[in-house]
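The feature region 'Disordered' is assigned by TrEMBL to 1-29, 51-71. Taken from TrEMBL, the feature compositional bias 'Polar residues' applies to 1-15. Feature annotation from TrEMBL assigns coiled coil to 130-182. As annotated by TrEMBL, domain 'Kinesin motor' applies to 182-526. Per TrEMBL, the feature ATP binding site maps to Gly280, Gln281, Thr282, Gly283, Ser284, Gly285, Lys286, Ser287.
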Amino acid sequence: MSQVDLQALLQSTQNTEREARRDLSSASEELAALRASHAREIDDLERTIARKDREKRGLEDELKDSREELSRERETIRQLKQSLAEHSTQHITLSAQLQASQMQLTSVQAEVERATLSVSSMRAELAIGQENAKKAEELAAEKVKAAEEERDRRIAEIEEELRTAETIRRKLHNQVQELKGNIRVFARVRPALAHESSSPEALAEIAYGDERTAQETGQSQIVVKSRSESATGQAREQEYPFTFDKIFAPQAGQKEVFEEISMLAQSVLDGYNVCIFAYGQTGSGKSWTMEGGQNDQDAGMIPRAIDMIFTVSSGLKDRGWKYQMEGQFLEVYNEVINDLLGSGQFDSKKHEIKTVDGKVSVTDVVSIPLNNPRQVSTLLERASSRRAVAATLMNERSSRSHSVFTLKVRGENPLTNERCEAMLNLVDLAGSERLEKSGAGENKDRMRETININRSLSALADVIGALGSGKEGGHVPYRNSTLTRLLQTSLSGSSKTLMMCNLSPLSVHLNETLCSLRFATKVNSTVVGQVRKQIAK
Ligand SMILES: Nc1ncnc2c1ncn2[C@@H]1O[C@H](COP(=O)(O)OP(=O)(O)OP(=O)(O)O)[C@@H](O)[C@H]1O
């Protein structure tokens, strides 16, 4: 081989090598490109696989939910089937019941038809019955009318008889009161109080006459014993007997006392003036007797008398009587009149006593119309609160003044043409202590009070004495005190007076007790004269 051939062969080999190298290089590049494309494809596939995995899990969850829902739906269907089965059973039962009810309805309808027939026949009978009843009613109405006419005639007769009987009763009642004496004296001994010693030495020796003798004679006896020593040291015992219309021992309650007074108070409705006085030393029970305590059973003579007067007056309505009442409450202190229901100042001499047409009246005093007994307690409270105000000005004022409660009663009976007008005076007198016992001493005001009290009490005794002497047209010394002037109308004429002598049971008060009993005896002795006169008649 020639060089040239070798060269050409080398050249060709080199060219082939170059081409092979180029092919190899392009194959390498292609391989690299293929690898890159393959890697991308692998990435894409992996992403696709991951997405598909997620989708698969989602589908699996959905499948699970769907299965659960399917299971629930199956349960619901099972329950519905069960309920349907029950309803079918119920439906069968109800159908059976409905059938039975329809049968019942048919039989009831048959009964109703029968009853309708029977009602029609009863209606026909009723119409006949009503016709008969109407006739019987007309007959009965005629008979009732005749009976009513007879009854009205009889009622009119009885009412007339009652009115006559009432007039006779009023006369007899008055006669009985007069026979008992138009002036009566009672004595009442109060019990020892809780704070007072009730030892035998502390209590005065007081004996009471027996009840039987009192009932037979109409007079009761009280004997007070006193023990003292004579100047020579000898023990002296003395007995002081007194006799009155009635004596109440300490245990007598308000009710028992009122029973003796009630008839007298009732005379007011018959047109008689009545004065009831409570007399006695301070603390002897005058206010207790007149006004009493808070409880019903402790109520005194004022509330009880008012209560009774209201009760009796409403009972008399049936017999034609109509009453009007009004109350007044005055105080006489140091001869000056004060209005316990008013609003003016105390002790101002505002009120004067005037006599018009023979009737005594006091100027400018409050008079309260009374329609029921409750108003009286309000009135008493008003008086006592006004007194309490005055008491702050002067201690124990109520013991040192006379208080006069007046109930004015006006009645008329259009059926009998009768009329009456009267006053009930309930007087709580001032304490009756003697000057030396009153504690006046050097105190001029106290002395003046005591002198005024004693003067007015003795003026009262004189007036009652003059009235009791029974001398017609005789002089009665009303003008000697404000109290007697104030009570002039009530004490004069056909008036009835009661003096309640209140006594303390204590031995320290023995002398005052004897003084009170002597005063009461002075009043009582005038009574005896009059009673005798009445009996002799
Ligand atoms: N019969 C009685 N039963 C029970 N307590 C009584 C009785 N009498 C009086 N008392 C009591 O005795 C005390 C004195 O009585 P009361 O105030 O009535 O006396 P008085 O005479 O009105 O006195 P004063 O003159 O001071 O007004 C009071 O506490 C009262 O409650």
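Using N, Cα and C of the backbone, Cβ positions are placed for all residues, glycine too.
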Overall pLDDT of the domain 'Kinesin motor' (182-526), taken as the mean: 86
Entry from the binding-site residues list Gly280, Gly283, Gly285 having the most other CB atoms no farther than 10 A: Gly280
Fewest Cβ neighbours within 10 Å, where candidates are the binding-site residues Gln281, Thr282, Ser284: Thr282
Close in space, distant in sequence - Lys286 (ATP binding site), Cβ under 8 Å, 6 or more apart: Ala278, Tyr279, Gly280, Asp428, Leu429, Gly431, Met500, Asn502
Neighbours of Gly280, Gln281, Thr282, Gly283, Ser284, Gly285, Lys286, Ser287 excl. site residues, C-beta within 8 Å of centre, ATP: Arg190, Ala278, Trp288, Ser399, Gly431, Asn502, Ser504
